[in-house]
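Accompanying notes for the structure given below.
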């Protein structure tokens, strides 16, 4: 053992250590490599260890635990599950090693190049402290390396461990366990551990996952049978046979699935026969597949690396740092003369020229003076070796200036700068960026790549032998018009021409830098690279080319060289070859046919035919083939497949097929005889029953009769206005229903069956009518009637604001957290109602939820819904189109639909709401959705959702249907969240957001454009009968409600008498301060049962009536005719009872319930009626919406606008401003009721009744209206949503605590 000596490594690693999060949310931390070195301060040593590994699950490196005292808390190590390097435990004094969740040690690095697990010298020599137990009870895999356990004085049970089961390569040299471990005081393993354990109890038994497996298993297992083998990609054991059941992965973990390799960056497209970019690609980061590398890593091919290799350079593409191969030499920036590390240098000389090796960019200047070229004896600098000047051949840019005042006499040009492209001129030498002075040996410049001199002037003078300079058009190199050229006292042009020092004939008139075709500024005809040529090698030459303008480009290497005057290629790439050199795959020439290339969903194998063209192998060939049929598949012995030749296996296959068919015939005949005998027996029994005149039902189901009524409408009562959309069987119109003999107009939606449909469509259409007529719930669209015209027509309520998907998309900037959570509750309650009636919706989505008002949504489109019989648990669908992206996996694969598959669709619907109309799996083809779901991928977490809301969605998307929550649980969960909306949804500006006015909806405006709203009446207003006028009570303080009144059946709300002089009257969904104004009260006649919710979430929701608008003007009372009371009855088997007189006052001064009224179970919300209710006698005013009007005729005042401010439960309206008035409003709390308010989630007292009001012109039950003071304003409470617990059910004398949460749009 050689202890490391670099103590500084600790400090540097402490600074560099960080934790990143891979895609599967596992915490990853960096390991250490200090071996036995430790800090001198043991306290600091412990703190460093804790800082490294607290909350760490995967250690990317080595886990080293050394020099820890006996009294230290090491419980933070329980989070470690995987170590990629080695585990070292040495020189410690603690008793127990708490690595209880460590499952795998990969051993990518080994201690002493040999051991993956090293445990030694863990005791104190002068004391009784030391390691006694290894808490490695879940360690089942060491992929590489051995185990060393030695010199642990107090260690027990280590010699009982079956290390050969843990170590993948258990060679004897890899296992070192000597007898110096342990003492005589060690106990025995528990009797259930069969002699192998990590500790004394039954929880410390060793789990064997390899040596107990069946011989057919090629890896780990979870039982002794053949069916208990783990997937071959599993490491450390598993809980099932799938690749998602592994405890750890042998190679890579891809979102919970163990795979051989991560999804590659490029996949083979069998349609285009090319490798294409894979949008689902992931990068390997350790043993994980991640969508994005950590910020301090770069992408090299398909892996995350700390730095690019020497042959690649780091570039950034689309925000991703990547390693790209260098075309020639990798970019390298170096300091120039007078900058950075060469700040004190005056010239390039032999002492600093090596600093320019492999430099491509010079940040600064290059200066060549006599003291650098010929040496400086004064400073002991030798003359420069001319060969070393070739280091400048890699330079492509000089940001400053180039100053050459001295040059080796044996060099006649500056060809070492042949790759110089740009002289930046950011720093100038007396205004010059290029200076060449008094170089007598220079004959040509040879700056053949120079394209730009960005700034500064040119000065070339006193070079007596320099030619070619006069042929160059220097202005083409300049970037500004202010640059100047000073060229003089060089060799005369005529002398140069006389000696033949002229440009090559292939150069253009732009000139040249020197002799030869490679020194031209541009070519007269064609160019190949930098060299000008006469013509391209189209038909001859060693390398064949094609012409791309004036540039000759070499053909692809896969093109075969053609003879006899034929072109080898017609353009770039392997798809433009005249003939392929090797093989042809589709239009492309390839070196070999695809053999195991990764495709979109599988690996691609192809074979070559005699014409050297590639063709796909048979689908059964999973490892390659030699021909097109399944007989040509290639099999390998190690795969477990038969290696017999095909002709030898054919007789066996034929015999097996014949034997199988014979057995099938025998089984079929036996089954037919059994069915026939059973049928005969059943007929005989039935005949005996009929002969005895049995009057009892033969098959009583126990199911209650369906007593819903179906209204038959005449075609003359319906008027179509405009088309709203089309469905599977017909078209939906906006229409008007004018009941026969009446003058009211009711806006409806009319669904008409297409005339071309057949009998089956008629049956399914009427089945839909049956389902809709049987459903009666506030959050389900109601069927009004059926018209049996030649084309069947279904008439339903018209939802004025369209579907919820378009509504949230249109108003996404105005929708807050309260409204979103209220919608979630309402949809869950509607689906809970369907589940109680054994109805599977099958097409739940935001597009199939309609908006009656901003606070009220309803589920529609029962076109796919199916009722389950009493003994059915699932529905098996036949053909037809299905909304794949909203469906559970079992629905896609097996077309099995249950209530739990509706829960999956509910999760997707909630995701649509939280993304304000986002498209699920946008951009992913539908056919790829099943594979995506099986791999564990789900919709991402919406930006506004907290982890609490997103986890509810994730639970809805569990593969196991029984693991998904019930709608009853979902309603309770979202009810709880809706009590504190801003805790669960984070929306910018939520506090300042106003609810969108229904009148602003584009869908709503389109509905109102084409129809006069005179005599318009809402459908529910028309159907629900009216009660007698009841003068409303006027009060300002809290009224008393007996909590005993909210039993299974509820009585109508009692009336209350005024309790102060200041009177408030509720009109049209708002309150107005008036004196002595009476408002009619409508008694309910139909009971809509509310499905129960989970314990602790049984409270109703009561919203502020002014949430969506301001106070209303007073409206004159109105009563409809008595005939309307006969229009609808909740129970068609019972006649409407006689109306009883008004209730009487009890002994405490409260109004007693009216007799013979149908009992109500809860209060209906007061909702906006978007249509106008106006009578011809003028007794009602036209209302656009009762919750969106001001109390005054003028424009709304600033103080009347709705603002999102918290409402406090213990603040009340003090209209009199007197102390005694406030005193009357304070309630006292009984002792037994105090505990119920410690946590508002557990308020479980009874609730007040709620009446069914479907028209906003009438008074909401006044027993539920209380007033609170909010910043000096008085606002009423209206039962808008039955999801919030109100304080009504408190007994008299109860004092409410301060509000624990802040709510928007709702008063708790």
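Using the three backbone atoms N, Cα and C, a Cβ is placed for every residue, glycine included.
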Out of 410, 999, which one does Swiss-Prot list as N-linked glycosylation site?
410
Need the matching range: Swiss-Prot marks motif 'PPxY motif 1' on one of 1032-1035, 1036-1039, 1040-1043, and I'd like to know which.
1032-1035
Tell me which of 1049-1052, 1053-1056, 1057-1060, 1061-1064 corresponds to the motif 'PPxY motif 2' entry in Swiss-Prot.
1053-1056
Selected residue, Swiss-Prot feature phosphotyrosine, from candidates 46, 1081, 1242:
1242
If Swiss-Prot is the reference, give me the range from 947-980, 1083-1116, 1117-1150 marked as region 'Disordered'.
1117-1150
Per Swiss-Prot, which of 667-675, 676-684, 685-693 is motif 'Nuclear localization signal'?
676-684
Secondary structure of residue 724 (ATP binding site) (DSSP, helix/strand/coil)
strand
So, in DSSP terms, is residue 848 (ATP binding site) helix, strand, or coil?
helix
Rounded to the nearest Å, what's the C-alpha distance separating residue 751 (ATP binding site) and residue 843 (active site, proton acceptor)? Just drop the number here, would you?
18
If we count other C-beta atoms within 10 Å, could you say which of the binding-site residues 724, 751, 799, 848 has the fewest?
724
Local backbone state of residue 730 (ATP binding site), from DSSP in three classes
strand
Relative to the Cβ of residue 845 (ATP binding site), which residues of the same chain, six or more apart in sequence, are found under 8 Å away?
805, 883, 886, 905, 908, 909, 912
Under a three-state reading of DSSP, tell me whether residue 751 (ATP binding site) is helix, strand or coil.
strand
Can you give me the Cα-Cα distance between residue 843 (active site, proton acceptor) and residue 730 (ATP binding site) in Å, rounded to a whole number?
17
One finds that other Cβ atoms within 10 Å of the Cβ of residue 730 (ATP binding site) number exactly 21
